[in-house]
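According to Swiss-Prot, the substrate binding site annotation covers Asp13, Lys35, 62-71, Thr122, Arg182, Gln191, 211-212, on the basis of sequence analysis. For Lys64, the entry in Swiss-Prot reads active site, proton donor, with the evidence type sequence analysis.
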Amino acid sequence: MSACQTPLIVALDFPTRDAALKLADQLDPALCRVKVGKELFTSSASGIVETLCAKGFEVFLDLKFHDIPNTTAMAVKAAAEMGVWMVNVHCSGGLRMMSACREELAKRSGPQPLLIGVTVLTSMEREDLAGIGLDVDPQVQVLRLAALAQKAGMDGLVCSALEAPALKAAHPSLQLVTPGIRPAGSAQDDQRRILTPRQALDAGSDYLVIGRPISQAADPAKALAAVVAEIRG
């Protein structure tokens, strides 16, 4: 059973290992998991994941792999060997790519990370999709990619909370991971399709990714406790 008692994932979106660990040391692994993204992972290499795991955190490795099937599957395998709790790939890589990742993880005898698909980035709106040749609403593209993810045997999806109700209705077995979460009164920053933590959970999200409202707070531990209180109502 997970040591974490909440659905919260704090994004360690920092340029250096020291800055990320400084924040992590102010957080309680029982109250949140942590997310390691491209900037931190690239600047710190794989050691950051092992260090966070040693501190008691479950780690979401948010690298959004997208490549040919074998290359992506090997990257997912490497992530699993690091001990990550969750890893993601772009659904737009296609059915064969996602299936290859699922099949590679199935070969493992030890713990398997949750394999999550990225649908449409929360910063993208219809005009952004049109710019890459997809003249559809984000919600339509999300549902298309979700169907592929379900067929490939993925564990869940990264999606906006605004898409969560439709996704839960269409694919109730998929776990939904929602970025762009902002507690009431927070700035939107560069996330467009957002909801508050309580709204996101009520909409069907299973895990909530929160970054700047906690990482840039004067007292991150206090900010985290406030979000926990908000979702527990």
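Here the Cβ of each residue, glycine as well, is placed from N, Cα and C on the backbone.
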**Prompt:** Tell me, by DSSP, whether Pro69 (substrate binding site) is helix, strand or coil?
**Reply:** helix
**Request:** Kindly assign Thr122 (substrate binding site) to one of the three DSSP-derived states: helix, strand or coil.
**Result:** coil
**Item:** Neighbour count (Cβ, 10 Å) for Pro69 (substrate binding site)
**Value:** 18
